[in-house]
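Student: Can you read through this structure? Questions will come right after.
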Amino acid sequence: MRLILLGAPGAGKGTQAKFICEKFGIPQISTGDMLRAAVKAGTPLGIEAKKVMDAGGLVSDDIIIGLVKDRLKQPDCEKGYLFDGFPRTIPQAEAMKEAGVAIDYVLEIDVPFDAIIERMSGRRVHVASGRTYHVKFNPPKADMVDDETGEALIQRDDDKEETVRKRLDVYSQQTRPLVDYYSNWAANGDASAKVSPPKYRKIAGLGEVDKITASVFDALK
């Protein structure tokens, strides 16, 4: 099972990725984790990436694809892998295809932006314990106060509506085009590609988590 999970920030990809990886016995691969591991291990690509990051630059797609190819040679990828947050752009997707990285499924978790804004901007957190509430779906007993300690809850900067909207704007411009890219490749093929086209599946990400998970597993049959 080799797949890419697509969806906007706050669509629930992380939750479903965990269930998918457990069911199929595959690792969840994130470029951030790969970069940190390569830098720590002092691999040639890691050294190259560290120079770029230390200078405040963005690591090139060539380096990222090199890290991906190295990562997929690891024994835990024998049964497959799940890409988390990669590719983010069309050039990265093209580079993956050119590098011959095989993908069986591209799964999109679709949640309307207004629902994501409500879901994320309503979160409130008790910092010391990590307990999380939601003003609408799981409110504390007393407004902005932790149920167990009576201490104040906060809204993280990442969850503020303005920040959420900015992240969704970036997603719309950079990553959303991947939906069309992969659905077109799945439907029409690409004679020049080194790998077979993936199957493209789209599921609704609203509702109870277990029902969404059931839809995910049905889509991956």
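Backbone N, Cα and C atoms are what each Cβ position is placed from, and that goes for glycine too.
Found this in Swiss-Prot, in case it helps:
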- G10, A11, G12, K13, G14, T15, R123, T132, Y133, G207: ATP binding site (BINDING)
- T31, R36, G57, L58, V59, G85, F86, P87, R88, Q92, R156, R167: AMP binding site (BINDING)
- 30-59: region 'NMP' (REGION)
- 122-159: region 'LID' (REGION)
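Quick one: where do these features end up spatially?
Tutor: Around G12 (ATP binding site), the C-beta neighbours below 8 angstroms that are at least 6 residues distant in the chain are I109, V111, G205, V209, I212.
Secondary structure from DSSP puts G57 (AMP binding site) in coil.
Residues 66-68, 70-71, 84-86 of the same chain, all 6+ positions outside the region 'NMP' (30-59), place their C-beta atoms under 8 angstroms from a C-beta of that stretch.
Helix, strand and coil residue tallies for the region 'LID' (122-159), in that order: 3 helix, 11 strand, 24 coil [DSSP].
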Student: Does R123 (ATP binding site) have same-chain partners at least 6 apart in sequence with Cβ under 8 Å from its own Cβ, and which are they?
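Tutor: R123 (ATP binding site) has long-range Cβ partners T132, Y133, H134, Q155, R156, D159.
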Student: Quick one: pull the CA-CA distance for R88 (AMP binding site) versus G10 (ATP binding site), whole Å only.
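Tutor: It is 15 Å, counting Cα to Cα.
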Student: Around Y133 (ATP binding site), how many other CB atoms lie within 10 A of its CB?
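Tutor: That number is 20.
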Student: Please report the Cα separation of G14 (ATP binding site) and F86 (AMP binding site) in Å, rounded to an integer.
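Tutor: Roughly 13 Å, rounded to the nearest whole number.
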